[in-house]
Amino acid sequence: MATPGATCAISSALARPPALLDYAAIHACLLRGDARRSLPLLALLLLLHFRLLAAAASARFTPAVSRLAARLRLSPSMAAVTLLALGNGAPDAFASAAALGGPRGMPRAGLAAVLSAGAFVSAFVVGAVALVAAPFAVPPPSFARDVFFYLLAASALFYVYLSAEIFLWQAVGFVLFYAFFVGLVFYMDLGSADGKKAVSAAAADLEMVSGSDRVAVDLPITVEDHRQQRRPAWCALLWKVTEVWEWPIALVLKLTIPSTLPSEWSKVYISANIGLCPLLILYSFSSFIPLDTRIVFLLPQVRFPLWSVVLFASLCLALSHYLLEKEAPETETIASTIISFIMSVFWISTTAGELLSCLAAVGAIMDFPPAILGMTVLAWGNSVGDLVADVALARAGQPTIAVAGCFAGPMFNMLVGLGTALVVQTARVYPGAFVLEFHVGIVVAFVFLLLSLMGTLLVVTWARFRVPRFWGYCLMGMYILFTVVSIAIASYSG
């Protein structure tokens with residue numbers, strides 16, 4: 001029987017920071033285990049998490065990626081394999097590494113999470129982007145390169161998995177393969193005429209945004225308002241319910257994510273950013289560095305908790321900025337854009353973790369087996385940030401970056417996140433091999449991932465490198481079929 005302990009097991013497998021709310025305790029203690037009251041409350045909290053995810057992605061993450069790519073003069077492909085892959089994939093890469101090699105390591109859970117999340121992104125997220133923005137063209141060389149390299153990486157990992165063991169040189173090869181892929185992307189984009197045009201267009205976009213501060217931030221919101229008329233009635237009703245949280249969510253984001261636009265400069269908000277951002281970043285690393293770690297600060301004989309030292313230093317800097325800073329900067333700075341990008345990633349990752357914990361609590365209340373929770377909640381919770389961020393980019397008129405990120409992000413998770421964990425594990429048993437546990441569900445995930453990648457490559461090539469809308473429906477249908485099969489396997493095999 002599934003219990004609230006299943007929530008803890010899944011969260012530990014993810015190795016995320018502790019959830020802000022204990023949803024199992026809310027059900028068991030606050031509501032005395034009454035599912036009729038717990039489920040509606042958890043449903044409202046799920047809507048709140050989705051609303052916060054949408055706001056962080058559309059109003060903060062998308063402008064930060066666009067402006068940072070323009071500032072660094074990156075083409076869409078270069079931005080996808082660096083900024084978008086790092087933003088979407090870094091939290092999941094750390095989670096996968098911890099799941100595979102932590103003190104309570106769960107090798108099968110770590111590998112299954114990477115494959116299930118990759119299947120979700122390559123099928124469901126690509127399908128969602130296609131439904132939002134299709135039909136749209138993709139650059140033939142970069143699209144074929146991204147899908148082919150992901151297909152090659154997945155095939156190599158599948159071969160290693162079927163051999164039931166992996167050596168150190170193979171694990172190192174996975175990490176180096178992604179480094180080679182990034183280098184190839186930069187070489188192709190900087191050396192080709194289309195890549196140079198994309199870089200020039202990025203620079204032109206930066207100049208346009210600098211001249212009109214409203215473009216970068218207002219574009220996703222304007223598109224969102226335009227598309228809202230097309231939502232079904234029930235979806236529009238749910239969205240209106242969540243609009244009650246619009247002002248508090250906007251306030252929280254302004255207090256913790258600095259705006260990159262000089263016209264939106266506020267001494268109060270910037271001071272709040274300086275005071276709060278360091279503490280939030282420290283919280284994001286609490287799985288590796290406990291917040292209550294004692295360190296010596298100012299007084300040689302007294303040890304203070306790490307969080308109190310960081311809070312004291314950041315508040316002093318915030319107060320100094322509020323008292324000394326008088327005027328807004330004339331132009332945006334690269335530092336503020338980078339911080340905005342990092343904090344947007346923090347909120348997307350943290351909210352996705354809260355969403356995951358809430359979904360796990362709902363599954364435990366409804367008595368779903370832990371195997372099914374791991375196959376569904378684990379993959380969705382790991383990838384909901386990718387879904388929201390990529391769809392927001394597509395709605396903001398950047399479907400090329402979104403599609404490229406759908407392949408670069410999961411490949412980053414597989415080669416860098418899982419690859420780094422495998423390097424650590426194989427180094428421990430060197431010169432021997434690290435044994436991989438066989439499970440039919442992982443084989444099914446490999447097969448579906450390879451089929452979805454080959455299908456996307458063939459269909460888009462057949463459509464003359466345009467993403468057709470019908471393929472979005474096909475990919476979503478394929479993922480639903482994969483989910484049903486995976487749940488059936490998890491139910492009978494455990």
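Here the Cβ of each residue, glycine as well, is placed from N, Cα and C on the backbone.
What TrEMBL records for 39-57 (among others) is transmembrane segment.
What TrEMBL lists as domain 'Sodium/calcium exchanger membrane region' is 43-186 (among others).
The transmembrane segment annotation in TrEMBL covers 78-100 (among others).
Look at TrEMBL and you will find 112-136 (among others) tagged as transmembrane segment.
Annotated transmembrane segment per TrEMBL: 143-161 (among others), in sequence order. Within its own chain, the transmembrane segment (143-161) has Cβ neighbours under 8 Å at 77, 80-81, 111, 118, 122, 170, 174, 177-178, 181, 184-185, 188, 403-404, 407-408, 410-411, 414-415, 418, 436, 438, 442-443, 446, 449-450, 453-454, 456-457, 460-461, 465, counting only residues six or more beyond its boundaries.
Under the heading transmembrane segment, TrEMBL lists 167-187 (among others). A Cβ distance under 8 Å defines the sequence-distant neighbours of the transmembrane segment (167-187), meaning residues of its chain 6+ beyond its ends; these are 77-78, 81-82, 142, 145, 149, 153, 156-157, 160, 411-412, 414-416, 418-420, 422-423, 425-427, 430-431, 433-434.
Annotation comment: TrEMBL describes 268-286 (among others) as transmembrane segment.
The feature transmembrane segment is assigned by TrEMBL to 306-324 (among others).
Annotation source TrEMBL lists domain 'Sodium/calcium exchanger membrane region' at 338-487 (among others). Residues of the domain 'Sodium/calcium exchanger membrane region' (338-487) grouped by DSSP class, helix first, strand second and coil last, total 127 helix, 4 strand, 19 coil.
The transmembrane segment annotation in TrEMBL covers 345-365 (among others).
Look at TrEMBL and you will find 401-426 (among others) tagged as transmembrane segment.
Annotation source TrEMBL lists transmembrane segment at 438-463 (among others).
Residues or ranges marked as transmembrane segment in TrEMBL: 470-492 (among others).
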